[in-house]
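J.: Sharing a structure here in structure tokens format.
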Amino acid sequence: MLLILAGLRSALLKHKPVNVLVKACLCSAAKADGDTTTNPGKPPQLAKKKWRKKFRNKPASNEHLPWEERLADSVTPLWRLSYDEQLQLKQKHQERILLQLSDQLLCGESTQHKALTQSSSPPRSTKLSFPLLPILPSPVRDGYRNKSTFSVNRGVDGNPKTVGFYVGTGKAGNIVCVNGDHLLNMPERHKLVARCYQDFLRLSALEPCLLFHNGGHWREVTVRTNAAGHTMAIVYFHPQRLTPEEIEVHKSCLVEYFTQGPGAICQLDSLYFQESSMTRCSHEQSPYQLLHGQPHIHEEVLGFKFRISADAFFQVNQGAADLLYRTVREMGLPNGAREGGGGGTLLDVCCGTGAIGITMSPRADRVIGIELIQQAVEDARHNAALNQIQNCEFLPGKAEVVLPGLMEVLGSTTDSGGPLTAVVNPARAGLHYRVIRALRNHSSIRRLLYISCKPEGEAMRNFRELCCSPDPHRKLTGEAFRPTVAIPVDMFPHTPHCELLLVFER
């Protein structure tokens, strides 16, 4: 472990937050003689029980608590703990997940022969086979979210035009919508828009759409903001049987309220409207209609500017995203890669609006991004042009369809063009098997970075597929990867979640 971390030191020295963690981990490793566990010798099952006890940190039933506390317990379960305690819990949780991976790799268990549900069983080992660095704390702990979606439903007082967050479940039939003004992760601008939208609904002649089959029209509202304070609101609407002319009347009322009426206090830079009879739909299925203001807001990460569309993916915590992408950049490119290229080709799978590829582009010779959502691809191309980046190209389509053919082309162009590095940042569902197979079987990829917000879920299947022994029956014929270092980043203070960057090499 000491040798691995010593190799990482030079790549991370330029950034103090990461460098401090490397030093801390080196000292810890020297003291524990390679043991990365916080409590060596303690039974894994006891550690699991301790995690559960601390994570809950509240009574089994909180029905006696005020509605605000019930909501906080649901949305931000760790809000009662100090931030240091939150980080300790998350560190232990990530450690336990990775111990499970270490166990499976040491035992040689292949993906298809071990159910994902077994990944929640207690790990047999108390020692990781690769270093887990201390979690990188979020630079901002309160009001950090740059995107929030507020629901509409019956409030505690029975008013169906209440905007907030759900407490209860549909199965139990006890859903109540509670105002979120007290939530620690919500910025004031988001709370203000939610309050104004609620006031607008209560002035409107139309009913809210609580259940699609029961009629009603007004649905949830999404609020997006940037570090400069610019605000975008997206109102979702069920047309039911209204005519286009009738819908136009209510759209005009919405615009008037937020531009000339009481809602003008929100100072919206963009007001969007999407009408749909589906719970969720893309811009292609039902276009986002710009009713007022600018079509985009912009954000800055590591000195690069990014355009944010109504449905574009962007990390919800800008400060922590800055930290995450800086770490990815330091870990992703070969030692010695500096500004001006020399890092070979970077393959950015599930690239979104291009944030990772663009922030790494000065050190790479070429960046190729793949993204399913067409609007995100257009944003990524715009972002590259906005930052005068000329070595990035972004391809639309499903990664499992685009990547295999692309890998064949790259196979003939990377032999003399430097190394090929892959970065993947999939949704919680993980990567499609054909994507893993294409990455695994391409011998030019020596380093792969996997970013996951839920490593204990489907991502664990991907980890095993990358690292299991070659399996011709499943067409996993390439040399196996091995995890070399894991770095958690706290993207979501007051919740049990964080982002995990796992580096694989071969």
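Cβ coordinates come from backbone N, Cα and C, glycine included.
Taken from TrEMBL, the feature region 'Disordered' applies to 32-53. Annotation comment: TrEMBL describes Gln315, Glu371, Asn425 as S-adenosyl-L-methionine binding site. Under the heading active site, nucleophile, TrEMBL lists Cys453.
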J.: Taking every protein chain in this structure into account, which of the recorded positions Glu371, Cys453 has the most other Cβ atoms within 10 Å of its Cβ?
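T.: Its Cβ has the most other Cβ atoms within 10 Å: Glu371.
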J.: Rounding to the nearest whole angstrom, report the longest C-alpha distance spanning Gln315, Glu371, Asn425, listed for S-adenosyl-L-methionine.
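T.: Taking every pair among Gln315, Glu371, Asn425, the longest Cα gap is 16 Å.
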J.: Applying the rule Cβ within 8 Å of the centroid of the Cβ atoms of Gln315, Glu371, Asn425, what extra residues of the same chain belong around the S-adenosyl-L-methionine site?
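T.: Sorted by sequence, the hits are Phe313, Cys350, Cys351, Gly352, Thr353, Ala355, Ile356, Ile451.
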J.: In whole Å, how far is the residue listed as 'active site, nucleophile' from Gln315 (S-adenosyl-L-methionine binding site) when you measure between their Cα atoms?
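T.: About 11 Å separates the two Cα atoms.
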J.: Using a Cβ cut-off under 8 Å and a sequence separation of 6 or more, which residues in the same chain sit near Asn425 (S-adenosyl-L-methionine binding site)?
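T.: Correct list: Asp348, Val349, Cys350, Cys351, Gly352, Ile356, Ile451.
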J.: Please report how many Å separate the Cα atom of Glu371 (S-adenosyl-L-methionine binding site) from that of Cys453 (active site, nucleophile), as a whole number.
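T.: A Cα-Cα distance of 18 Å.
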J.: How many other Cβ atoms are found within 10 Å of the Cβ atom of Gln315 (S-adenosyl-L-methionine binding site), counting all protein chains shown?
T.: 22
